[in-house]
Amino acid sequence: MGNREMEELIPLVNRLQDAFSALGQSCLLELPQIAVVGGQSAGKSSVLENFVGRDFLPRGSGIVTRRPLVLQLVTSKAEYAEFLHCKGKKFTDFDEVRLEIEAETDRVTGMNKGISSIPINLRVYSPHVLNLTLIDLPGITKVPVGDQPPDIEYQIREMIMQFITRENCLILAVTPANTDLANSDALKLAKEVDPQGLRTIGVITKLDLMDEGTDARDVLENKLLPLRRGYVGVVNRSQKDIDGKKDIKAAMLAERKFFLSHPAYRHIADRMGTPHLQKVLNQQLTNHIRDTLPNFRNKLQGQLLSIEHEVEAYKNFKPEDPTRKTKALLQMVQQFAVDFEKRIEGSGDQVDTLELSGGAKINRIFHERFPFEIVKMEFNEKELRREISYAIKNIHGIRTGLFTPDMAFEAIVKKQIVKLKGPSLKSVDLVIQELINTVKKCTKKLANFPRLCEETERIVANHIREREGKTKDQVLLLIDIQVSYINTNHEDFIGFANAQQRSSQVHKKTTVGNQGTNLPPSRQIVIRKGWLTISNIGIMKGGSKGYWFVLTAESLSWYKDDEEKEKKYMLPLDNLKVRDVEKSFMSSKHIFALFNTEQRNVYKDYRFLELACDSQEDVDSWKASLLRAGVYPDKSVAENDENGQAENFSMDPQLERQVETIRNLVDSYMSIINKCIRDLIPKTIMHLMINNVKDFINSELLAQLYSSEDQNTLMEESAEQAQRRDEMLRMYQALKEALGIIGDISTATVSTPAPPPVDDSWIQHSRRSPPPSPTTQRRPTLSAPLARPTSGRGPAPAIPSPGPHSGAPPVPFRPGPLPPFPSSSDSFGAPPQVPSRPTRAPPSVPSRRPPPSPTRPTIIRPLESSLLD
C-alpha cells in the first residue's frame, strides 16, 4: 500500500481496539466515510486508488463507474478482497477484482452504458489500511447515451445525495483543471449538503493536461473561487501509464517531480499531490478519533468506578497465605450471624423496601395468622350447643336434673382447649419455615464458597429441627396444663350467677379471645385502617372505587380519603359474616365479601359488600382483623339441620336454659384460655426456637464448622468465583490501560482546527450569472507572454507575479487609468490585487527570482466582488 499517513494512524487505532478487546467490548469507532464526487472522467476513481494505494478500479473513457462502489477497508493480517455477491470467495489478485467489478456492473446495468443505484460492496482486507469506507460514485452527466434513461442527471444526483448527506461522510469534490471550475457540479452538490464547508475538500485533477501557457495557480491558492478547506492538486496516471503497468509508487514520484518543476506550482509543491491529499484526509480521521475519545473516556471511567469497590477486596487476596482461609472463615461466620440477627430483630440500616424480612413475617404469624387460626376453629355455634346438650343429658342419665351440672362445663371446656393444639403447632411450623428461609437468604453471601454455604445451611437447619421437637413438646405441655385444671375462680371468669343472667338475653354476640368480656368501656377502639376497593358497585353508579376504611369493635366505616373528614358510610358489625369471593380472571384484585346472616341488605340495596385488596396477604390480614371484631367466616355446615331442629324443638325450657348457661360459661372461660394461649405460644416459640437459634449461630456454629470438615475444603472457592475474581482484576487492569492509551493518543496526536469560513457564494452566483470562460480562470505561466483578454468574457489574466509569494488574482482589463479600488464587504482573506498600469507595458519575466523572505508578510485584502461575478 502507498498511504504512509494511514499507516501512521493504524498503530493508534489498533491500540485502542486492543484495549477494548481486552475488556470484551467492541470499540465503536466509526471512522468517516470518504466519497468522491465529480463529472465523468474527472479522475475520481484514480483519486480513490491513490488513497488506498492499490490498482483495482476499472478505467476508460466516458462513463466507467456506472454503479456505486462501496469499498470497505478492514484491518487484517492477510491481504485479500471479498465481494458481497461472491460470499466465501477470496480475491488475492487485484486485477481479478477489477474484472469482477466490470462483470458485476454489466450484469445489472447491461453492456451499453446503463446505470444502477444498486451498490457493489467490496471489502479489502490488509494490514496497511484502517477500518474505513470509501465510495466511488458515477460521474455527473447531463445527456443520456446508450441505454441511459432520459432523467440520467436526476438519477445520478439522487444516487450521490444518498451518500454525501451523511454527517460522517467526507466529500472529495473532484474537478479537472481543464474545465470551468465555476460550473463544477461536484462543488454545487457539496455546498447543498455541507453549507459550512467542513466536510468538503476540493481536488483538482489533470493539471498536466492544461493548455500550454495556462495554469490553475489561483485556484490552488484558494484565491479565485475559495473553499473553506481549499484545494489539493493531483496528477493521476494517464491511460498510457496504466497500460504500461506504471505502479502507484512510480506515479507519485512523477507527480512530485511535476509540482517541483512547474514554475506556477513549485512554491506550493508541499501542499500539492496525492501524499498531501492523504495527509489532509488522515488528519480529518485523526480529528474524528480525538473527538470520540472523551465519550470513550467517560464510559471507561464509569465502568472503573462501578467495580473499584469490589476490586479493592480482591486486591488483598493472597491464595498462598496460610492464615487467609482461617481469617476468611471467621469473617464469613460473623457476617452470617450479624445478617441473621438483623433479619430477625430488624435494623435501621439497609432496610429492604421490596419484601418483608423474616422477623416481620414471624410477627404477622404471631399476631395475625395464629389468632385467625384460633378463631376459625370455634365459630360453629350450632355444633357447640348440640355438644353441651348431649353432655348435660349424658351426665343426668335416666334422671331429670334440677341443676346445671358443672361436669358438663368441664367436659366441653377441656374439649375446646384440646382443639387449640392444632393452631399452636401450625404456628410453630410456620415460624420454622420462615427461619429456614431466612438462613438461606443469609447464606447467599457465602455462595463464593459452596462447601461452606452448604455446611452452614445443614448445621443450622439441623439445629432448628432439633429445637422444633422441644418447642412443640413445650407447646403441647402448655395446652395440657390448661386442660389439667379448670380454674373457675379466675378473676375474669363470669361465674354461674352472671352466666344465668346473660342466658336471658335473646340476642348475643359472640366475641373473640380477649375481645369478649374484658372489652374496654369504649368500643370505639380502632382495630385496623387501610385502603379497600368496593368492587360490586355497578358502572352506572360510579363503578369500583377505593375508600379509606376504619374498623372498630362496633362498626366498619369508610371515608373519601385517609384524612377521615368526609365519611361515606358506617356499617354496624351485628350479624355480619365474611366469606371469600372467587378471583375474576379479568381482575388482578383479591376479593372478600361481607353479608348479613339475617338476609338483610348490607349496603344500600346490596346484599353483599365485596371488598378488594391488592394481594392475598392483605385479604388474610383484613379477615384476621374482622375476626378480632367478632365478624366470623361463613362456612357451610354439613350437619343434618332437620335432626338439629327436631332436637332443639324437643328441648324443654329447663334444658335450654342450662345449655345457654353452660354456653356462656364456656365462652367466658375460653376467652381467658385464648388470651393466655395467644400470649404464651409466641413467647414459647421465641424463647425455645428463635433466641436459641441466634445463640447457637453466635456461639457454636463456628466450632461445628471446624469439626465437620477440613478447613481447606470448606474454604475452597467455586470455579465461578475464581473466574469472576480473575475477570474483575483483569477488567480493572484493562480499564486502566485503556484510559492510559486514550491519554497517550490525546498526547501523541494533534487536532487540526477547522479553517475559518470563506465567502463561497460564488457557487450560488454561478447558477444565476454566466460563468467565466475556462481560459480566463487559468493564469499563464511566467515564461509565457501575456494573453490577450477577450471582451465581454470576464476578467483578464493576471500580470506575472514578481515573486513566488506575491501572486495576485486577475485584474480587470480597462483602458486608461483605474480609479481606486472600493473596499469590499467580502471577508474571505484574499491577497491584495495589483492595479494595471497603462502607461507602461507589463514587466517581463525576471531572469532571477528573489528568494522568499520571511520578513515580507503577505498583505491580505478582500477581493473585488466584480471578479467573482
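Glycine is no exception: its Cβ is also placed from the backbone N, Cα and C atoms.
Bear in mind that the values here come from a model prediction, so they are computed numbers and not experimental data.
Quick look at what Swiss-Prot lists:
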BINDING   38-46, 205-211, 236-239  GTP binding site
COMPBIAS  797-822  compositional bias 'Pro residues'
COMPBIAS  832-855  compositional bias 'Pro residues'
DOMAIN    28-294  domain 'Dynamin-type G'
DOMAIN    515-621  domain 'PH'
DOMAIN    659-750  domain 'GED'
MOD_RES   Tyr231  phosphotyrosine
MOD_RES   Tyr603  phosphotyrosine
REGION    38-45  region 'G1 motif'
REGION    205-208  region 'G4 motif'
Would you mind reading off the Cα separation of Asp208 (GTP binding site) from Tyr231 (phosphotyrosine), to the nearest angstrom?
16
Proximity verdict for the domain 'PH' (515-621) and the domain 'Dynamin-type G' (28-294), three or more C-beta pairs under 8 Å:
no
Largest tally of Cβ atoms lying within 10 Å of a Cβ, found at which of the modified residues Tyr231, Tyr603:
Tyr231
Helix, strand or coil by DSSP: which one applies to Asp211 (GTP binding site)?
coil
What is the interatomic distance between the Cα atoms of Tyr231 (phosphotyrosine) and Ser41 (GTP binding site), given in whole Å?
19
Among the binding-site residues Thr205, Ser238, which residue has its Cβ surrounded by the fewest other Cβ atoms within 10 Å?
Ser238
These are the binding-site residues: Asp208, Asp211. Which one scores highest on other Cβ atoms within 10 Å?
Asp208
May I have the DSSP-based helix, strand and coil counts for the residues of the domain 'GED' (659-750)?
83 helix, 0 strand, 9 coil
Tell me the residue counts in helix, strand and coil for the region 'G1 motif' (38-45), as DSSP assigns them.
2 helix, 2 strand, 4 coil
The domain 'PH' (515-621): DSSP-derived helix, strand, coil residue counts:
10 helix, 49 strand, 48 coil
Cβ neighbours of Gly38 (GTP binding site) where a neighbour is any other Cβ within 10 Å:
27
Within 10 Å of the Cβ of Lys44 (GTP binding site), how many other Cβ atoms can you find? Include all protein chains, please.
29
Would you mind reading off the Cα separation of Gly38 (GTP binding site) from Tyr603 (phosphotyrosine), to the nearest angstrom?
86
Going by C-alpha positions, which of the binding-site residues (Lys44, Thr205, Asp211, Ser238) is nearest Tyr603 (phosphotyrosine)?
Lys44
For Thr205 (GTP binding site), what is the secondary structure state per DSSP, taken as helix, strand or coil?
strand
Cβ atoms near Ser41 (GTP binding site) (within 10 Å, other residues, all chains):
17
